[in-house]
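Undergrad: To start, I am sharing the structure in question, which I have written as structure tokens.
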Amino acid sequence: MPRVAKPKAAAPAKKVVSAKKAKSKLYKMPEKVKEGTVFTDLAKGQWRIGPSIGVGGFGEIYAACKVGEKNYDAVVKCEPHGNGPLFVEMHFYLRNAKLEDIKQFMQKHGLKSLGMPYILANGSVEVNGEKHRFIVMPRYGSDLTKFLEQNGKRLPEGTVYRLAIQMLDVYQYMHSNGYVHADLKAANILLGLEKGGAAQAYLVDFGLASHFVTGDFKPDPKKMHNGTIEYTSRDAHLGVPTRRADLEILGYNLIEWLGAELPWVTQKLLAVPPKVQKAKEAFMDNIGESLKTLFPKGVPPPIGDFMKYVSKLTHNQEPDYDKCRSWFSSALKQLKIPNNGDLDFKMKPQTSSNNNLSPPGTSKAATARKAKKIDSPVLNSSLDEKISASEDDEEEEEKSHRKKTAKKVTPSARNAKVSPLKRVADSSPPSQKRVKTEPKSTPRERATPKASPKPRSTPKASPKPQTPTAARLRTPNAKINFSPSISLRGRPGGKTVINDDLTPQPRSKKTYEFNFELDVSMDANVIVNVKRKKKADQDKATAVDSRTPSSRSALASSSKEEASPVTRVNLRKVNGHGDSSTPGRSPRTPAVTVRKYQG
């Protein structure tokens, strides 16, 4: 790498003054160049200066065009002669980034494009009486910083992997010429401007480019901590330029582009380079666990493979670029993202687990409103689930029900939509037939599950005459059990009568009448909305004692109470083999037994 000649030893006093003078000029900002100024390069080419399009750490960048042309398709980077970075960058371009050499590398490796910029011209010019050095390069588009800011400091996963492949191509080109870049970051990666240019990213700013070491590892205090502190490598912290250091810098950037925050940034150590160095050493010494901390939901496989590989490289070992690229290429295939076309920087909306059955993007408020409309829980027959109901709730439901026409459940209902609750039941694994849900204390409204799209047959049972029964029992612990046998028959007005035929002999003249709707299928749970309807004739009637002794005692003790019943609902799918009393039972017929007892 070119070095500035040392002052002669004969004048030591002058040496000190000269050193101080040089230090005062080091990295001085350039003079402002007026728009329309013409620069003449070493090859006598003339370039018209356009508007300023950016200011770097030590120089300013202007749009430019050849004199006589109108398209500002080039840029001029201008710095005072005393500045070092542009001097290094210019000589790197002149020696290693000729357009012919770039094309030859692309042809050798079968590349359609390479993110390696090249120099168009260079020269010196006086601006406001001060000598400046300038270089002319092709003009590129926006840098990645713009997209990171737009997307909340992250990039789409597929785009990150494509950028990794493209930067590895540039690294391979530079390393093949004996140089390392040492300062890869989002601000130094630009997109192309020409037709199809958005498909290729270009690595720029070679102000820290230098020859990498191939011999012994010798730290250089003068070069310690060179680079951008967030991303500079462990070797660069010691002042040693290596090829593995370039890959390590790339890895830190990839982690950040995927939305994770580097530990030394989180810990706010950037103002103290030695602490950053120690944090990076600890991070790379146990890279597997370190990455798990940054990606608690799972480390992206290509990132894990790449960083583990980098951590095992020796300081003078040539990286296996093909192996590194293959990890990112495989990830792109799994994501079904092609490694061509324009780079996509639009973040896709992340889909939730959708546990509340709301579509992606549904607001929480809208989901809450929909949840209030869902009244029927998915029942767990293995657990004694209790569903509370109050008299006020029933009166409100009766009033709202009078305004609507009850929908009749017919066995031949077809093309019906599946209710949200049905979806929850279907999504559960076979071994877990039902999911327990806790009741809400708020008033519940009726849900309306639709009929199954497949026809189902129900046994025809002759209507049984109803006789006066005892006054309606309203006990606080009354429960309703649904278990294996049921006979259904339809009635006008959307009513269905459920007859208990669990015992060999039907209970004489005993029926329960409910307003409810069923949604039954071969592989789904039964969802039942039950509403108790008060009848005047039942309030004064006497009950028929056809229950077991335990249930009779429970009823006797609960007859004095006036609170609303608490229901316990147990459901299970029918195996399709009914008894002789129900010869017409279909496998799709729900099985329900209705009981009341004190819990």
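Including glycine, each Cβ sits where the backbone N, Cα and C put it.
Feature list, courtesy of Swiss-Prot:
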type	residues	note
BINDING	ILE53, GLY54, VAL55, GLY56, GLY57, PHE58, GLY59, GLU60, ILE61, LYS77	ATP binding site
COMPBIAS	349-361	compositional bias 'Polar residues'
COMPBIAS	435-448	compositional bias 'Basic and acidic residues'
COMPBIAS	546-558	compositional bias 'Low complexity'
MOD_RES	SER376	phosphoserine
MOD_RES	SER381	phosphoserine
MOD_RES	SER382	phosphoserine
MOD_RES	SER388	phosphoserine
MOD_RES	SER390	phosphoserine
MOD_RES	SER483	phosphoserine
MOD_RES	SER564	phosphoserine
MOD_RES	SER586	phosphoserine
MOD_RES	THR589	phosphothreonine
REGION	340-507	region 'Disordered'
REGION	532-599	region 'Disordered'
Undergrad: Under a three-state reading of DSSP, tell me whether GLY59 (ATP binding site) is helix, strand or coil.
TA: coil
Undergrad: For the binding-site residues listed here (ILE53, VAL55), tell me which residue's CB has the most neighbouring CB atoms inside 10 Å.
TA: ILE53
Undergrad: In sequence order, what residues of the same chain, 6+ apart, have a Cβ less than 8 Å from the Cβ of ILE61 (ATP binding site)?
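TA: The list for ILE61 (ATP binding site) reads SER52, ILE53, GLY54, VAL55, VAL75, VAL76, LYS77, CYS78, given in order along the sequence.
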Undergrad: Using all protein chains in view, find how many other C-beta atoms are within 10 Å of the C-beta of GLY59 (ATP binding site).
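TA: So the Cβ neighbour count for GLY59 (ATP binding site) comes to 25.
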Undergrad: With H, G and I counted as helix, E and B as strand and the rest as coil, say where DSSP puts ILE53 (ATP binding site).
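TA: Where ILE53 (ATP binding site) sits, the three-state DSSP reduction gives strand.
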